[in-house]
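All remarks here apply to the structure that follows.
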């Protein structure tokens, strides 16, 4: 009997040892996971940033992956055309081309969400209207209505995109706009450390879901579209400036107790669009506290950065700002290398003991 008990005890001891070993391994692995929470208003560039992580630190986009975006590119183009044609009417801008109304009727009868090609008459109508001086005037006034940042990029390259053998490039994929709904996670590994990037919808209707992502966040990455200083929030009933909306949201986020121990990385995104826009739309016309020169993108972006950083006066943690262009892979690779090193240094003792 004693021999039997002894054998059972030895078996139980081996089982307990194995369980403890697995628990220790799981605990060690958990410490090697870094959770990065991407926040910001709608269209600030969060989803594009995720795509860049896939390109830089993941498997990238194969030809087959890119082909899956083909219809989305077509839909983005048609949605942009619909937005401009509706705005042309609302802004009472006249077309120059005598055949413009025929092209307008053809395009407005199409449903962007079902688009699978841009052939024949559709392509010709888009090309003619994009060349029309009235549509070009409407495009120049795009801050007065909602229009995708990728509109000019796609329409200027219409011959390539409308060809029968069209395969979207990686840049085409990066510029596709699909509103984020729900919670999307993208894990990737760097030096045996798992970075789990969490992207949530930025529209007002999506923000109530954010709280479900707030546990165990290593760093909050807040994206701001700095080119939106002269644009109005489409979701709002009143005319809310999109930059003001972003400032209010940032203030709310850094005040949450969940993030007291999290670093705050501020990505001041769309610096390329800001550089172009300040040449004809002046920051002082929308933010009277701006005291820099007109047509100076460096002064303008530094002023916007100060608006956000100054919100931090009541918070003990630091904010780490970076100017970015989310569609520029080299820029994002450089910036994220800096951010990654900062995150690893800040959390080195709890994330990777002994490193």
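Glycine residues also receive a Cβ, built from the backbone N, Cα and C atoms like all the rest.
Sequence annotations record features per position, and here Swiss-Prot assigns GTP binding site to 40-47, 174-180, 199-203, 269-272, 326 based on similarity to another entry. In the structure as shown, the Cβ atom of residue 40 (GTP binding site) sits within 10 Å of 24 other Cβ atoms.
Residue 47 (Mg(2+) binding site): 23 other CB atoms within 10 A of its CB, across all protein chains. Under DSSP, residue 47 (Mg(2+) binding site) is assigned to a helix (H, G or I) in the three-state scheme. The Mg(2+) binding site annotation in Swiss-Prot covers 47, 180, and the record cites similarity to another entry as its basis.
Swiss-Prot lists 32-355 with the feature domain 'G-alpha'.
The S-palmitoyl cysteine feature in Swiss-Prot is assigned to 3.
The region 'G1 motif' annotation in Swiss-Prot covers 35-48. Taking Cβ pairs closer than 8 Å, the region 'G1 motif' (35-48) reaches residues 149, 174-175, 177-180, 184, 195-203, 210, 213-214, 216-225, 228, 233, 235, 242, 245-246, 249, 253, 262, 267, 269-270, 324, 326-327, 343 in its own chain, all 6 or more past its ends.
Annotation source Swiss-Prot lists region 'G2 motif' at 172-180. Long-range neighbours of the region 'G2 motif' (172-180) within the same chain, counting only residues 6 or more positions beyond its ends whose Cβ lies under 8 Å from a Cβ of the stretch, are 42-43, 46-48, 51-52, 61, 65-66, 69, 72-73, 76, 148-150, 153-154, 161, 199-203, 206, 326-327, 329.
For 195-204, the entry in Swiss-Prot reads region 'G3 motif', with the evidence type sequence analysis.
Per DSSP, the region 'G4 motif' (265-272) is made up of 2 helix, 5 strand, 1 coil. Sequence annotations record features per position, and here Swiss-Prot assigns region 'G4 motif' to 265-272.
Residues or ranges marked as region 'G5 motif' by Swiss-Prot: 324-329. Residue counts of the region 'G5 motif' (324-329) by helix, strand and coil are 1 helix, 0 strand, 5 coil (DSSP-based).
Cα to Cα, residue 40 (GTP binding site) and residue 47 (Mg(2+) binding site) are separated by 11 Å. One residue stands out among the binding-site residues 174, 178 for having the most other Cβ atoms within 10 Å of its Cβ: 174. Taking the binding-site residues 44, 180, 269 in turn and counting surrounding C-beta atoms within 10 angstroms, the largest count is reached at 269.
In terms of C-alpha distance, the listed binding-site residues 44, 174, 269, 326 place 44 closest to residue 180 (Mg(2+) binding site). Annotation note: residue 180 (Mg(2+) binding site) sits in a coil segment as assigned by DSSP.
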